[in-house]
């Protein structure tokens with residue numbers, strides 16, 4: 001069994017010889033002790049790293065940070081060094097969680113939510129370490145004999161609070177995470193060929209062997225023959241077959257400690273079409289020599305492949321009617337299967353009925369599988385029907401693999417049932433012995449169809465990158481004679497999608513990317529949670545959703561007050577901006593709702609941009625209006641300010657200072673003009689105390705309360721009414737802060753006339769800043 005451990009080591013200062021020394025000094029896989037020079041024989045080390053990423057508090061899968069490594073073949077020791085650094089004024093001693101998985105991103109559940117029905121879930125292998133502990137030294141994770149190929153790490157902080165943080169308003173701590181992968185792989189590997197003895201001698205270091213397992217291997221027998229020790233009788237060795245995978249490990253270990261000079265390990269359905277690693281370790285005392293001869297033997301079977309050629313031969317009309325084709329070939333398959341039990345064809349018996357499968361890539365992380373003969377698979381009792389599902393491109397592990405089986409009700413009787421197994425690397429073929437779906441190194445997933453249940457579903461989130469196999473066979477546990485002449489047509493629906501049911505009505509399926517690797521996750525709304533937004537334990541009711549939608553949309557009608565006041569006081573530009581804000585804020589929040597209470601007149605991104613632009617523009621024009629600038633200067637600043645706000649929102653829509661910066665600049669202009677008038681008139685401006693008490697102070701108070709609520713009081717739970725109050729306070733403060741109507745200008749005197757009839761005029765009343 002491979003060893004997985006976590007510990008702390010001193011920080012590595014260099015990556016050259018020190019990294020090699022670190023690997024050699026690390027505790028090796030379970031084996032006898034050996035010195036460094038002996039360990040270096042036939043071993044090389046390699047170092048891999050990725051750019052650091054800033055960790056986030058967990059809310060959904062998109063808030064995690066994914067790291068994708070590729071482990072080279074013949075690796076005997078893998079070590080991850082986990083580096084963490086911090087930056088910022090207020091960094092708490094938070095707990096950092098790192099998940100590990102082979103073949104696909106880890107399926108995690110930090111919130112403890114429920115998964116959809118018929119979904120396969122396994123607890124991920126993970127470590128949890130405090131920030132202070134990781135800062136003291138590099139936390140390390142060691143894995144002996146790791147599986148070659150894709151390995152994924154996912155890191156995140158604890159579940160986030162429900163408080164909505166305004167970006168850039170409050171300084172936050174940055175937690176930076178970076179994993180390094182150190183591997184030690186063997187370059188001196190002995191090739192074990194079938195039926196050819198391979199002599200080996202063990203002293204103080206293991207013997208590394210590997211054998212290639214061809215397709216359609218039914219059984220592999222590994223034998224150690226002539227095993228003797230230099231000091232005592234018996235065979236003190238341990239044989240480990242297979243590699244370590246996480247979160248589940250299915251290495252096979254054989255310990256030979258008896259007096260017999262031989263022992264063997266039998267592997268049923270070993271992984272097809274790949275090299276199988278075998279490690280033999282001495283259990284004797286140091287400096288004791290152990291000699292043995294390794295031998296491997298295969299038991300192979302021949303598949304009977306269903307192809308279009310066979311289908312057309314069995315159908316004289318050469319039509320493509322699925323039911324007719326399947327029924328016409330059932331007898332032929334039955335006879336062929338029975339003959340396969342008692343005879344040999346080309347040196348091996350028929351052990352399975354192979355159905356070729358068409359793989360159709362429809363989109364990103366979207367694949368549809370269909371048997372070449374149609375959607376039906378004919379299932380017998382004498383041998384399994386097998387379909388190979390290729391999910392080995394390296395880009396298929398970021399979605400959800402869905403398997404749906406349906407049986408014809410008239411063909412499945414009370415005494416018969418269809419057993420199915422979904423396995424990785426090799427199919428399950430031993431239905432007559434057991435129904436546990438276990439192959440040599442993988443625990444498969446069983447599915448059953450019976451007279452009471454004609455349909456079975458299986459959902460596999462983030463399937464491993466490999467060849468998957470679906471095996472089906474007709475079984476009759478109570479009366480086997482009922483199955484002898486029976487055949488059942490099973491409809492198969494097999495497809496890979498980014499998200500199950502597109503995350504449903506209360507979620508959004510988002511495609512995530514780490515460098516060139518794509519994977520998908522669900523972002524849930526309205527209190528719904530879970531992998532596919534199906535957990536309604538904290539969900540809002542339909543009435544609550546409608547109330548929230550009405551609050552967020554109808555609260556924008558408060559802008560009718562500043563619109564009416566602006567029109568009445570001849571501030572037509574300001575009235576147009578307020579109407580723009582009210583319109584797009586209303587429809588943005590109508591589109592932002594989950595479930596049925598949603599209405600989108602434009603794309604969500606467009607509505608969001610227009611809503612944010614309207615909020616900034618409303619604040620900008622209101623402050624400039626209060627400054628009482630000259631008309632030409634006011635128009636120039638209005639246009640420039642709106643252009644700057646539009647640009648800043650395009651750069652970062654969530655940044656608070658992208659909106660507040662121009663508004664603070666406008667406030668400085670207003671304050672300067674007010675101070676100028678105070679000095680020019682020798683009295684406070686505005687001059688009327690009623691203006692201060694009944695208009696300015698209420699408007700400023702509403703603005704400050706709204707800003708405080710927007711920046712520090714909003715949470716995911718109270719967002720609907722706190723944000724609605726924010727709408728009301730913003731519109732109310734604008735209505736109070738708008739200045740009175742300007743007095744009408746007097747007559748204009750022409751200073752100069754040109755022959756072309758253009759005039760340069762000067763206003764007799766140079767003072768336009770009087771507020772009554």
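Just so you know, glycine gets a Cβ as well, placed from its N, Cα and C.
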(request) Scan 719-738, 739-758 against TrEMBL and say which stretch is down as transmembrane segment. (result) 719-738
(request) Among 633-654, 655-676, find the range that TrEMBL records as transmembrane segment. (result) 655-676
(request) Tally the residues of the domain 'EGF-like' (495-534) by DSSP class, grouping H, G and I as helix, E and B as strand, and everything else as coil. (result) 4 helix, 20 strand, 16 coil
(message) I need the most crowded of these disulfide-bonded residues: 499, 509, 524, 533. Count other C-beta atoms within 10 angstroms of each C-beta and give me the top one.
(response) 533
(request) May I ask for the distance between residue 509 (disulfide bond) and residue 524 (disulfide bond), taken between their Cα atoms and rounded to an integer number of Å? (result) 9
(request) Using C-alpha atoms only, work out the spacing between residue 533 (disulfide bond) and residue 499 (disulfide bond) and round it to an integer in Å. (result) 10
(message) If you average per-residue pLDDT over the domain 'EGF-like' (495-534), what number do you get?
(response) 92
